[in-house]
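**Student:** Residues or ranges marked as domain 'Major facilitator superfamily (MFS) profile' by TrEMBL: 20-396. Look at TrEMBL and you will find 20-45, 57-76, 88-111, 117-139, 146-165, 177-197, 218-240, 252-273, 285-302, 308-331, 343-365, 371-393 tagged as transmembrane segment.
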Amino acid sequence: MHQEKNITATAESNYTDSYWNAVFAVALAVAGLITSEFLPVSLLTPMAEDLQISEGAAGQAISITAAIAMLSSLLISSITKTLDRRRVLLILCVLQITSNLLVFCAPNFSVLLTGRVLLGIGLGGFWGMLAATAMRLVAEKEVQKALSIIYIAVSLATVIAAPMGSFLGNLFGWRNVFLIAAALGFIAFILQAITLPKMPVDKITPLKTVIKVLQLPSVKSGMFATLFSFMAYAVLFTYLRPFLEQITGVGSNILSLILLGFGLTNLIGATVARHLLLWDLYRSLALMPLLMGISAVGLVLFGNISIVAALLIGLWGMALGVVQLGWTAWLTKTIPDEAESAGGIQIAVIQLAIMTGAASGGWVFDNLGAKGVFIFSSVVAFIAASVVFQSSLRIKKLKKQKKPGSTL
């Protein structure tokens, strides 16, 4: 039976009981969503052959999920404005389960895309509510710890989704991999149903609130920095394999080891992020994209040396791990009263960054090659660092003048 105690949004900052079991259940649900999102990456070929479509068409199973997730993250608060947040999270989890079951039994491409649309709704909605949910499950001083646990789960899912999907697909067939993902979602649903407390809405969040939040100067600068940070990631990561094959010249075995190393360092970054952010939130948010940019430049200069390339990619992955947690932590510190609306905006911005980064990176790759992509990624990362640095200077100036609004 789930815990009956209500948690209202207005009591978040003073709430002392922490629902850590619920935090772990939410982390598992997020891991399931991430796994479901990226499974087609490793299963495109058998999916295309089975459904008698091109691999390019099968790839739309990924892009349509991202596009729908962007819309869902923006609209989830206003559409579900009167529903208990516990119920909303469970409904979104059901969408993930239904999505994977539809893909599992899809007789044609249209049904498969329908399933992926449902996943996009669940993914964007769940992510959009993540920061606000963490704030309601634990005491204020423990929010970053809770987010760290969730993002460690995200990193683990990112590391294992593609290789595990490929391995299981070879053993059981691609359809059964999605059936396994549905089972994972069902386990997460049961655990959330047991552990999540009631989280009634204490105020209505109309769509105009989302627009007002986006117009805040502090939010604008933060979202621009978020956009450039994740765009730098999308540009480089999408074309990492061609770079390693064409410039570094590694074979498939070494390539797999380097990608595994990236995943492990990304996990390390997510693990240490909480301590870095407690040390200095804004300095960390500026230093990490700077480190990503420097790593990308290093890869352009020394990427032909495999051991150096592996170390630089590992450094880049660790910095990315901090970035992924850092901007959610920034959101909870900057606008805690509108964390749900701002969370939706942030996830939409991240999805936009991923789509834009992959598309623009493709144009650069076709015209300037793999090194050109990495130079482009470094420029975008340096822009992100510059935006954060300028904003932090403004914060310090406002604090000295003792004026309100001294947040990024």
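Quick reminder: no glycine exception, Cβ is built from N, Cα and C everywhere.
No curator has checked TrEMBL annotations; they are predicted automatically.
Since this is a predicted model, take the numbers as computed values, not measurements.
Situate these features within the shown structure.
**Tutor:** Residues 37-38, 40-41, 44, 47-48, 51, 88, 103, 109, 112-113, 116-117, 119-125, 127-129, 207, 210, 343-348, 351-352, 354-355 of the same chain sit 6 or more residues outside the transmembrane segment (57-76) yet have a Cβ under 8 Å from a Cβ within it.
Residues of the same chain lying 6 or more positions beyond the ends of the transmembrane segment (88-111) and with a Cβ under 8 Å from any Cβ of it are 26, 29, 32-33, 36, 51, 53, 57-58, 61, 76, 80, 117-119, 121-123, 125-126, 129, 133, 175-176, 178-179, 181-182, 185-186, 188-189, 192-193, 196.
Counting same-chain residues at least six beyond the ends of the transmembrane segment (117-139), those with a Cβ under 8 angstroms from any Cβ of the stretch are 7, 9, 12, 15-20, 22-23, 26, 29-30, 33, 36-37, 64-74, 76-77, 80, 85, 88-89, 92-96, 98-100, 102, 145-147, 150, 197, 199, 328, 331-332, 336, 339-340, 342-344, 346-348, 351.
Distant neighbours of the transmembrane segment (146-165): 18, 20, 23-24, 26-28, 30-32, 34-35, 37-39, 41-43, 130-131, 134, 137-138, 177, 256, 260, 263-264, 266-267, 269-271, 273-274, 321, 324-325, 328-329, 332; these residues of the same chain sit at least 6 beyond its ends, with a Cβ under 8 Å from one of its Cβ atoms.
Below 8 angstroms of C-beta separation, residues 1-7, 19, 21-22, 24-26, 28-29, 31-33, 35-36, 39, 43, 86, 89-90, 93-94, 96-97, 100-101, 103-104, 137, 165, 168-169 of the same chain, each at least six residues beyond the ends of the transmembrane segment (177-197), sit close to that stretch.
Listed as Cβ neighbours of the transmembrane segment (252-273) (distance under 8 Å, sequence separation of 6 or more from its ends, same chain) are residues 148, 151-152, 154-156, 158-160, 163, 240-241, 244-245, 284, 306, 309-310, 313-322, 324-326, 329.
Away from its own ends, the transmembrane segment (343-365) comes close to residues 63, 66-67, 69-71, 73-77, 124, 127-132, 210, 213-214, 219, 223, 226-236, 238-239, 242, 327-328, 331, 372-373, 376-377, 380 of its chain (Cβ-Cβ under 8 Å, at least six residues beyond either end).
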**Student:** Which residues of the chain, 6 or more past the ends of the transmembrane segment (218-240), have a CB below 8 A from one of its CBs?
**Tutor:** 259, 262, 285, 288-289, 292-293, 296, 313, 316, 320, 323, 327, 330-331, 334-335, 342, 345-346, 349-350, 352-358, 360-362, 364-365, 370, 373-374, 376-378, 380-381, 383-384, 387-388, 390-391, 405, 407-408
